[in-house]
Amino acid sequence: MFDTVCTLPLSADLFSQALHPKEPIVSVGLSTGHVQTFRLPSEESDTDNDGAESTSSSRNGKGHIDTMWRTRRHKGSCRCLGFGVDGEMLYSAGTDGLVKAAKAETGVVENKIAIPPAKDGSVDAPTIVHALSPQTLLLATDSSALHLYDLRIPFSPVSARPQQTHHPHDDYISSLTPLPPSDTSTSGFSKQWVTTGGTTLAVTDLRRGVLVRSEDQEEELVSSVYIGGLRAGGTSRGEKVIVGGSSGVLTLWEKGAWDDQDERIYVQREAGGGESLETLAVVPDELGKGKMIAVGLGSGGVKFVRMGVNKVVSEVMHDETEGVIGLGFDVEGRMVSGGGQIVKVWHEAVDSDEMDGDTIGGKRMFGSGSDSDDSDDGDDSDDSDRGSRKAAQPQRKKRKNKGKGGQDIMGFADID
């Protein structure tokens, strides 16, 4: 399925990762408060003059991954990132108590939101930022708050207050997954979403608030993703939310039946409990491998679970010591995994007769673009803040498995 990987070294621990919805762009948020945005080579541009596709530069080892921009965005760590639905804006949230909206292409800040403080007046650090639509931004925090902001309200020097605040869980929100819009939707944007927090799952509606909270699952729920197009039958409509737990088990939840899980898949069994399933992503249907989920583990591996048979069919290793924090697929079907101080870009397998001489141990890699930390400009402050800066102190992150990761080159075998 994939057999090539490019490794991008980072200057600090990765705390957040986001993939552009329309272009081959990946952004990372670091423990130092830096945000850096990379552009991956586009295979669409690699065509002959007569329109026939040539061997992609991203496959033959001659492509470049370029740093579009890099800046010190937050005084503390950058805990979360998310692109707007059209990819024009990049939202970041940090332990400095700020959410910043910047142009994805340039990194220039256009808006700021002050996160409401905790009850004791301290910073209520963010856990998730998600643009639900062009009008609505969702922000979750350590105190279990879920704030909803109307992005149509013009920027004001006065700190914007959320239009709504909910508390769907007793603990901080660990994941947020939007549900697809209904058939009667006129906007085409989601108005409901699933969250996990502590040992429960909840569904919240844009207008009606928290609709339902599940029974106590007696296990910490860590990650979630929606998948449709599964085989329908009986009471199943072929739509499920997949939830990753802290003990190595995936639970399957039928859409609309949120009281309790209906199936379990053991991904990582170990004596005394499995490994935490930190992040989930749906493998694109275009890759032709059927319905499949990629699971990023706290142990540094990525496992692939085929739906239907509900079992692990393959595994690759992102890093042998650091957990997988970010996982997703870009617009061209490449898997991007992040954790520790590295980001890896995995490519779909290429037939052996397409391979050229530019290989390393049978695996090709990109040439390095302008992504060296040495190329960082002298002004390391936020684009919108030109005043003096104090040195940022990285703050403790909720997730485990932080630290320096290896920077080796790895490949993996086909998934059939």
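Sequential numbering from 1, following the chain as shown.
Glycine is no exception: its Cβ is also placed from the backbone N, Cα and C atoms.
The feature compositional bias 'Acidic residues' is assigned by Swiss-Prot to 371-383. Under the heading region 'Disordered', Swiss-Prot lists 39-64, 353-416. Taken from Swiss-Prot, the feature repeat 'WD 1' applies to 9-48. Residues or ranges marked as repeat 'WD 2' by Swiss-Prot: 73-112. The feature repeat 'WD 3' is assigned by Swiss-Prot to 118-159. Under the heading repeat 'WD 5', Swiss-Prot lists 319-356.
Mean pLDDT for the repeat 'WD 5' (319-356) in the predicted structure: 86. When the repeat 'WD 2' (73-112) is classified with DSSP, helix, strand and coil residues number 0 helix, 22 strand, 18 coil. In terms of DSSP helix, strand and coil, the repeat 'WD 3' (118-159) has 0 helix, 17 strand, 25 coil.
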